[in-house]
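**Student:** Straight from TrEMBL, here's the annotation block:
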TRANSMEM  13-39  transmembrane segment
DOMAIN    42-291  domain 'G-protein coupled receptors family 1 profile'
TRANSMEM  60-79  transmembrane segment
TRANSMEM  99-119  transmembrane segment
TRANSMEM  140-159  transmembrane segment
TRANSMEM  202-227  transmembrane segment
TRANSMEM  239-261  transmembrane segment
TRANSMEM  273-293  transmembrane segment
Amino acid sequence: MMGHQNHTFRSDFILLVLFSSSPTSVVFFSFLFVIFIMSVTENTLMILLIRSDSRLHTPVYFLLSHLSFMDILHVSNIVPKMVTNFLSGSRTISFAGCGFQVFLSLTLVGGECLLLAAMSYDRYVAICHPLRYPILMKECASAFMAGGSWLMGVFNSTVHTAYALQFPFCGSRAIDHFFCEVPAMLKLSCADTTRYEQGVCISAVLFLLIPFSLISASYGQIILTVLQMKSSEARKKSFSTCSFHMIVVMMYYGPFIFTYMRPKSYHTPGQGKFLAIFYMILTPTLNPFIYSFRNKDVLAAMKNMLKSNFLHKK
């Protein structure tokens, strides 16, 4: 066993990358790279707008700024390594680099799941109990929600990363994935991982099923409240907002639940890679549009920023 552990810490892993050198793969790689640039740009712009415009200094936009920061870290944790490996022709990743990818991805997965639940609660209070909103969503409450999401994500990730990386990885070092993800890594272990997989299921219930249930309940109550509105325009706008939010939630939670709540024997490489593209790359790109750029306050803040920059240059 000691020999296995020493070998584990000395050896690099090999990532069976998403792209080959074929023309089709080059086009697909270029598309994902553009998506990565868009995601970082959109979310950075969102954070700058929220910080610079006083009208956006509200609980919901404070939570959105944390969501944007998490999304930047999400794509930056995965795509730059993919780009480096694709351009250099290398497929290796160090044990430490793999451990960091696992730690950061699990931190962001747990943190963002809790943060999305906090944001749904904010919308629930704003629409269903507008008179109590200033009391229930004080500045300290939103700070507690954001800070709690980060802390719980870090704690959960620290436990799982430390536990997953101590397994001996015998034989092949090739991870059939484009980044280091725990389910794909467990397939390389020659030890019995049954108990650890049970721990993963417990974490999935706490960080995936419970927040998803709270989000569903919140939007269910929002829809019931919206149906009682007299203004047809207000109903249409609220339904549009809720439907877009739920689409993003399904795109984020669905693949995670499918990935982390199944035994490793049911995992297939093709499914894992396809689902990871959704929650690691596509969802962070869609979030600013769904939650922010369709909002008139954000659009007004953007116009003011462009106007002030234009006047400053003149």
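Every residue gets a Cβ built from N, Cα and C, even glycine.
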**Student:** If contact means at least 3 Cβ pairs within less than 8 Å, sequence distance 6 or more, would you call the transmembrane segment (239-261) and the transmembrane segment (99-119) in contact?
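**Tutor:** Contact confirmed: at least 3 Cβ pairs fall under 8 Å.
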**Student:** Using a Cβ cut-off under 8 Å, which residues of the same chain at least 6 positions beyond either end of the transmembrane segment (273-293) come close to it?
**Tutor:** 18, 32, 35-36, 38-39, 42-43, 45-46, 64, 67-68, 71-72, 74-75, 78-79, 105, 109, 119, 177-179, 181, 244-245, 247-248, 251-252, 254-256, 258-259, 299
**Student:** Could you pull out which residues elsewhere in the chain have a CB under 8 Å from any CB of the transmembrane segment (99-119), counting only those six or more residues past its ends?
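**Tutor:** Answer is 60, 63-64, 66-67, 70-71, 73-74, 77-78, 81, 93, 142, 145-146, 148-150, 152-154, 156-158, 160-161, 164-165, 179-182, 185, 203, 207-208, 211-212, 214-215, 249, 252-253, 256, 279-280, 291.
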**Student:** Please report, as numbers and ranges, the same-chain residues at least 6 past the borders of the transmembrane segment (60-79) whose CB is under 8 Å from any CB of it.
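**Tutor:** Same-chain contacts beyond the ends: 32-33, 36, 39-40, 42-44, 46-47, 50-51, 101, 104-105, 108, 111-112, 115-116, 118-119, 122-123, 126, 139, 142-143, 145-146, 149-150, 178-179, 280-281, 283-285, 287-288, 291-292.
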